[in-house]
Amino acid sequence: MTALIDLASHLAGDPSSPAVKTVVADIAAACARISRIVAGGAILGNLGAAGVVNVQDEEQKKLDILTNDLLSDALKACQPVAGLASEELEEIEPTGRQGGYLVTFDPLDGSSNIDVNVSVGTIFSILPAPEGREPTEADFLQPGRHQVAAGYAVYGPQTMLVLTLTSGVVGFTLSADDQWLLTHAAPTIAPDAAEFAINVSNQRHWAAPIRRYVDGCLAGKEGPRAKNFNMRWVASMVADVHRILMRGGIFLYPWDAREPTKPGKLRLMYEANPMALIVERAGGKATDGVTPILDLAPTKLHQRVPVVLGSANEVDEVARESAAG
Ligand SMILES: O=P(O)(O)OC[C@H]1O[C@](O)(COP(=O)(O)O)[C@@H](O)[C@@H]1O
Ligand SMILES: [Mg+2]
Ligand SMILES: [Mg+2]
């Protein structure tokens, strides 16, 4: 078997700026360390709740805090990074440098799965920083189309890193000696699919278009869609999106009436935007039900957004239902 190329060799051949490559390489190194910490589980004493809540009013797990600190420290030490923002930090953190890039991240996605040994992940987004001054929060509020790179690591049966830089999508697998090896050269999302992912326990709280869409899937061959659908819900966005990247499907976390003033559960700047860039670059679509996620103008750092992403024809089907009201 010919040797697989590693991340450094792949980055060397990419047209991104050397500074972007440095940021990506440093995040990748941090994710490799996070993988070991996650895999250590109870042996390292890292499972369970930390006993505090974060800015989202969500209970933090010990691993949320550990991974946030690890990534924050890595980015503060990374020369081209002017500022960072995390799900776990109320405010942005400037690094004291100017120019270069801003990084937003979800250090550990799928926290509810940590203690039950189900896949979790890390999600990140890299945006240009303003030149000649330190960044403010307003500088982070750029539409997803401005991202210069985005990616996620999934800590599952294999640890994988999925990236998009200037174009396309690439997937690396972490080897036993901690090298990221290119194993998935250009994963694409087929336009048609027969697998949907949504937390059906919220069904009674959904708006009519989402109910109609899911009802259509559940009705199968005998229903209006005239085909059978399978369903999956990992409850880690990284794992659900990764499955869609590997074999197609649709993922929905819509607005629901449990907390009607919140637009959704997932966060725009460090969950929806990076995943939307990856999904679009792989040939899929990502919307809030109607508008492409990447075209939304952010107004708040921790802004939430409804998310519908995956196989293009299924995402279009949701848009048709939304248009019907
Ligand atoms: O438990 P629910 O409501 O199904 O929500 C699951 C969703 O929440 C999340 O876990 C939110 O991410 P965090 O764990 O980073 O807060 C997503 O990964 C996942 O898709
Ligand atoms: Mg998350
Ligand atoms: Mg998280």
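Just so you know, glycine gets a Cβ as well, placed from its N, Cα and C.
Within Glu87, Glu88, Glu90, the residue that TrEMBL lists together with Asp106, Leu108 for binding Mg(2+) 1 is Glu87. TrEMBL names Asp106, Asp109 for binding Mg(2+) 2. Of Glu222, Glu259, Glu271, Glu280, the residue it gives for the same site is Glu271. For the substrate site, TrEMBL gives Asp109, Gly110, Ser111, Ser112, Lys265; the one candidate out of Asn46, Asn199 that the record lists there too is Asn199.
For Glu271 (Mg(2+) 2 binding site), the count of additional Cβ atoms within 10 Å of its Cβ stands at 28 [all protein chains shown]. Under 8 Å, Cβ to Cβ, and six or more positions away along its own chain, Asn199 (substrate binding site) finds Trp233, Ala235, Tyr253. Listed binding-site residues: Glu87, Leu108, Gly110, Asn199. Those with a CB atom under 6 Å from ligand 3: Glu87, Leu108. Take the mean position of the Cβ atoms of Asp109, Gly110, Ser111, Ser112, Asn199, Lys265, the recorded substrate site; other residues of that chain with a Cβ within 8 Å of it are Asn113, Ala235, Ser236, Met237.
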